[in-house]
Amino acid sequence: MLCFLRGMAFVPFLLVTWSSAAFIISYVVAVLSGHVNPFLPYISDTGTTPPESGIFGFMINFSAFLGAATMYTRYKIVEKQNQTCYFSTPVFNLVSLVLGLVGCFGMGIVANFQELAVPVVHDGGALLAFVCGVVYTLLQSIISYKSCPQWNSLSTCHIRMAISAVSCAAVVPMIVCASLISITKLEWNPREKDYIYHVVSAICEWTVAFGFIFYFLTFIQDFQSVTLRISTEINGDL
């Protein structure tokens with residue numbers, strides 16, 4: 001049986017495949033429409049102009065929903081594991097969930113407020129999504145080490161921490177270089193003074209974004225042993 005069809009593994013699998021498709025489809029449509037330069041546009045650049053803006057907004061909104069569902073399920077998994085064999089304070093897991101959900105909220109802002117239309121709101125949402133997302137992966141990596149070897153293999157812990165470390169290292173220059181750019185625009189000339197800041201920032205942005213995708217890919221095995229049950233109760237007389 002395919003691994004992503006077991007238990008709740010389809011949730012992180014769907015998150016990974018849908019989010020990857022959102023980035024790639026928006027990029028391809030934007031490039032083919034001549035709206036962005038094929039070489040290192042910002043992710044948001046590929047979702048600013050119609051028709052790709054509609055595709056980007058719809059798909060990123062659903063990605064935010066899938067992200068929230070994945071994070072909440074992960075929270076419940078860790079909570080149950082911790083009750084079975086105590087390895088960490090529950091507050092640590094709760095803080096991780098809250099930060100993750102804030103990051104998903106930031107994704108929703110990015111999806112619904114285009115870069116050129118309302119740049120302050122858009123950039124604020126992006127900052128929430130990236131910073132909270134990076135901290136979420138870091139906290140989840142620490143939790144993975146704490147629950148090792150009973151609930152996670154050491155190799156999985158190392159992979160998660162490596163992805164978190166790369167994301168942490170990339171998010172700082174991404175924010176710094178983006179803040180040094182004096183104007184928001186879609187097309188860049190290599191001779192412009194802020195071009196190097198744009199290139200560094202864009203590279204880091206794509207690195208962090210796909211870091212998130214690869215990180216959630218490591219959740220698939222954990223979710224295979226989880227089942228979802230819906231119970232309906234009717235109280236009172238009919």
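Each residue's number is its place along the chain shown, starting with 1.
Backbone N, Cα and C atoms are what each Cβ position is placed from, and that goes for glycine too.
Those TrEMBL annotations? Automatic predictions, nothing curated.
According to TrEMBL, the features are:
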type	residues	note
DOMAIN	8-225	domain 'CWH43-like N-terminal'
TRANSMEM	12-34	transmembrane segment
TRANSMEM	54-73	transmembrane segment
TRANSMEM	85-110	transmembrane segment
TRANSMEM	116-139	transmembrane segment
TRANSMEM	159-183	transmembrane segment
TRANSMEM	195-220	transmembrane segment
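Mean per-residue pLDDT, taken over the domain 'CWH43-like N-terminal' (8-225), amounts to 93. Long-range Cβ contacts of the transmembrane segment (85-110) within its own chain (Cβ-Cβ under 8 Å, at least 6 residues beyond either end) map to 44, 60-61, 63-65, 67-68, 71-72, 74-75, 78-79, 121-122, 124-133, 135-136, 139-140, 142-143, 146-147, 150-151. Proximity of distant same-chain residues to the transmembrane segment (54-73), defined by a Cβ-Cβ separation under 8 Å and at least 6 residues beyond the stretch ends, is recorded for 8, 11-12, 14-15, 18-19, 21-22, 25-26, 29, 46-47, 97, 100-101, 103-105, 107-108, 110-112, 136, 216, 219, 223, 226.
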